[in-house]
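*Asks:* Have a look at this one.
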Amino acid sequence: MRECISIHVGQAGVQMGNSCWELYCLEHGIQPDGQMPSDKTVGVCNDSFNTFFTETGSGKHVPRAVFVDLEPSVIDEVRSGIYRQLFHPEQLISGKEDAANNYARGHYTIGKEYVDIVLDRIRKLADQCTGLQGFLIFRSFGGGTGSGFASLLMERLSVEYGKKSKLEIAIYPAPQSATSVVEPYNSILTTHTTLEHSDCCFMVDNEAIFDICQRNLDVSRPTYTNLNRLIGQIVSSITASLRFEGALNVDLTEFQTNLVPYPRIHFPLTTYSPIISAEKAYHEQLSVGEITSACFEPANQMVKCDPRHGKYMACCLLYRGDVVPKDVTASIANVKTKRTIQFVDWCPTGFKVGINYQPPTVVPGADLAKVSRAVCMLSNTTAIAEAWARLDHKVDLMYAKRAFVHWYVGEGMEERQFSEAREDLATLEKDYEEVGIDTADGEDDEEANDY
């Protein structure tokens, strides 16, 4: 088996977890108490959904997941919510005082008291796996627990499970709206710490999703539940190939191989289509060509940036539902002729394609329409450097005046960690810039002609 352990850290991570597991349960026909009426092979653990669920002797399915937050309120909602019987009580770990939006509290002061408890729980989950493939880590960059504790945990996971891949689904601070003033600080500190510990990080920004909910789903005032359900669909598409049999299956390590050209450049952009409300879907049936084309619209992306200004290094298209390879080939050919998609010149313009015959499922009564086919595009583009540049600019404005720095120093950090993190991000921006520069310019011409 190629099992996958999900780790949900902090409020954002836990709430994304709620949406994801709600959707997985619907997709696999698992009831909120973990029973699965359709499962004929009770106790036999070779079904493909067992990558995400363990099966007990009595036929109960338990998620391979750990929920961690340094304050109790959000996890208490899981403990008393509709899925309270689904999770093992020891998988829900909450502390007494929160990280107060402070990376240093999450990473040093409070985080260090909980990290061993969490690792112990993860170890128990890992022991139940026959061939653990890796970890999916859900968190936000802006919060104290999501930034501080998650980075501490990832450092420790690298030590204990060195070879296992770690993929992140991370909420990136939105350009305009922020939940806290110090989000930029937390984000650069955590990015700096986890850059070498994460293999691939799918960033999502709340504002981009907020706009999608307003524009495509006609939700006038989207709540976090609306946002998380949309994120759930994306995560479900990314993990569908691990949970279902399919024609072209893609596993975790395959994502990295195809999306990450250099270890540091591991922040793919995610786009999902079709995102339409039930009223609209009633009148239109979207073809493979239309949903593929929609993926290249900046408006459908999960991070605010413009790929038309950047170059693509790699591109994965994950289809699910009623899709045949012939249509996909035609759609991609069409996109290549119509759109101005520019690939870096050192990379072949190939698209990695995955097809899963399981149609997309939606949560009943939610905003998204039930459709027969959907696609999730993961692309590594140099345009995402715009997002880093925006963040760095905000940090510079605050750090020039040393605003809010005393909160971090008071929790045991040193001021030089800020400048180190800022330098590392400057290097990251430069890395993206260099990757996009054409290699065959200037003096390389003679060598380029040899081939």
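Here the Cβ of each residue, glycine as well, is placed from N, Cα and C on the backbone.
Relevant sequence annotations retrieved from Swiss-Prot are reproduced here:
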BINDING   GLN11, GLU71, SER140, GLY144, THR145, THR179, ASN206, ASN228  GTP binding site
BINDING   GLU71  Mg(2+) binding site
REGION    432-451  region 'Disordered'
SITE      TYR451  site 'Involved in polymerization'
*Asks:* For GLY144 (GTP binding site), which residues of its chain lie six or more apart in sequence with Cβ-Cβ distance below 8 Å?
*Replies:* GLY10, LEU70, ASP98, ALA99, ALA100, ASN101, ASN102, TYR103, ARG105, GLY106, ASN186
*Asks:* Can you give me the same-chain residues 6 or more apart in sequence from GLU71 (GTP binding site) with a CB-CB distance under 8 Å?
*Replies:* SER94, GLY95, LYS96, GLU97, ASP98, ALA99, THR145
*Asks:* Using a 10 angstroms cut-off on Cβ to Cβ distances, just flag whichever of GLN11, SER140, THR145, THR179, ASN206 is the loneliest among these binding-site residues.
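*Replies:* Ranked by other Cβ atoms within 10 Å, the binding-site residues GLN11, SER140, THR145, THR179, ASN206 bottom out at THR179.
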*Asks:* Would you measure the largest Cα separation among GLN11, GLU71, SER140, GLY144, THR145, THR179, ASN206, ASN228 for the GTP site and round it to whole Å?
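*Replies:* For the residues that bind GTP, the greatest Cα distance is 22 Å.
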*Asks:* I'd like the number of other C-beta atoms within 10 A of the C-beta of ASN228 (GTP binding site), please.
*Replies:* 23
*Asks:* Specify the secondary structure state of ASN228 (GTP binding site) as given by DSSP, simplified to three classes.
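*Replies:* The residue in question, ASN228 (GTP binding site), is helix (DSSP, three-state).
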